[in-house]
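Annotated transmembrane segment per Swiss-Prot: 24-44, 77-97, 98-118, 125-145, 214-234, 237-257, 269-289, 299-319, 320-340, in sequence order. Look at Swiss-Prot and you will find THR186 tagged as FMN phosphoryl threonine.
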Amino acid sequence: MFKMVSSPHTHSGKLTMRIMLWVILAMLPAMGVQLYYFGFGVLIQAALAISFALCLEGIVTVLRQKPTLFYLSDFSVILTALILAMAIPPYAPYWLILIGTFCAVILGKHVYGGLGQNLFNPAMVGYVVLLISFPLQMTTWLPPIQLLNEPPTLLDAYSLIFTGFSTDGFSLHQFTQSVDAITQATPLDSAKVILKEGVNDNTLLQSPIFEAGFAIGWWQVNLAFLLGGLFLIWKRIIHWQIPVAMLVSFTLLAAITELVASIPYLKTLPHLFSGAMMFGAFFIATDPVTASITPRGKLVFGALVGFLVYIIRFYGNYPDGVAFAVLLGNICVPLIDHYTRPRVSGHRQ
């Protein structure tokens, strides 16, 4: 006896929880590298973000009369919180990650109806709200702890995040007094400011945070994200089209600019391994809910995000641009999918 059911009749077997767990697992090496170079702050930020995100998810599902345990166990809100925690400065004040998590979970996800119905990447919604609202806190980074005379301990990290001072009474700024002043910003921040003042990139690369043309700590973190992303492609958790199209698009434009522009910029390869480039290409832009779903659309979407990152990094006021590029790309997804959907044999589009 056969039972008739509606289509689709096949599925990949990759449940949401399994996919989220694989993505989280692929992020852990990058988190470990960030911990090694930038200290214990990332662990505290992740703990705060995940705890608060789970609380918010639980409250919202209860209010909406949804099965709370079912939604908490899919790990999607944990992934959102982890992405946000790894994107902000490790020693940012505790209230920053709480505000960002609230915006990500409530404004970025549940306002649209929950997982699978959101138009924008939730973590990037939270990040952009923080970047626009609190630019000082969002651009204040400690340099790699290997450059500090006395790196903050775990207790120092906890104290800095919750009080603004270490256990010995030192502020975040005082930890950097032994290092060049520009190291309190990211390498891309520093490049944006210094190059606008007319200083050539060779002078910039003499800063302590650069070694052999690459930003210490940042290229290692990006390399870890790259390896984690390749792992996800190998496991068929994400598709290759979006990250490849994004990186190729940005690389071509940056390389052309490097060759013909009269204004000095960082070289193309350091650009690829600075900021959130690899993080965005493999873990943010590939969000299956907010990215294009057609094969050609994935290429178009990835290329568009790469183009937008290039425009913002080279000509905009923000040094990185990955978050803005992804959100702007999300806006275009319905249009991209409409014009790139496969044609059904025997039918006109």
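Any Cβ shown, glycine's included, is placed from N, Cα and C.
Same-chain residues lying 6 or more positions outside the transmembrane segment (299-319) and placing a CB less than 8 Å from one of its CB atoms are 131, 186, 188-189, 191-192, 241-251, 253-254, 257, 265, 271, 275, 277, 280-281, 285, 291-292, 325-326, 328-329, 332-333, 336, 340. Panel annotation: around the transmembrane segment (125-145), residues 37-39, 41, 80, 84, 87-93, 96, 99-105, 107-108, 151-152, 172, 175-176, 179, 183-186, 189, 208-209, 216-217, 318, 323-324, 327 of the same chain, lying at least six beyond its termini, place a Cβ under 8 Å from a Cβ of the stretch. The transmembrane segment (269-289) shares more Cβ pairs under 8 Å with 214-234 than with any other stretch in the list 77-97, 214-234, 320-340. A coil conformation is recorded for the residue listed as 'FMN phosphoryl threonine' in the three-state DSSP classification, outside any helix or strand. For THR186 (FMN phosphoryl threonine), the number of other Cβ atoms no farther than 10 Å from its own Cβ, over all displayed protein chains, is 25. Sequence-distant contacts of the transmembrane segment (320-340) (same chain, at least 6 residues past either end, Cβ-Cβ under 8 Å): 87, 119-121, 124-125, 127-128, 131, 186, 188, 275-277, 279-280, 284-285, 290-297, 300-301, 304-306, 308-309, 311-313.
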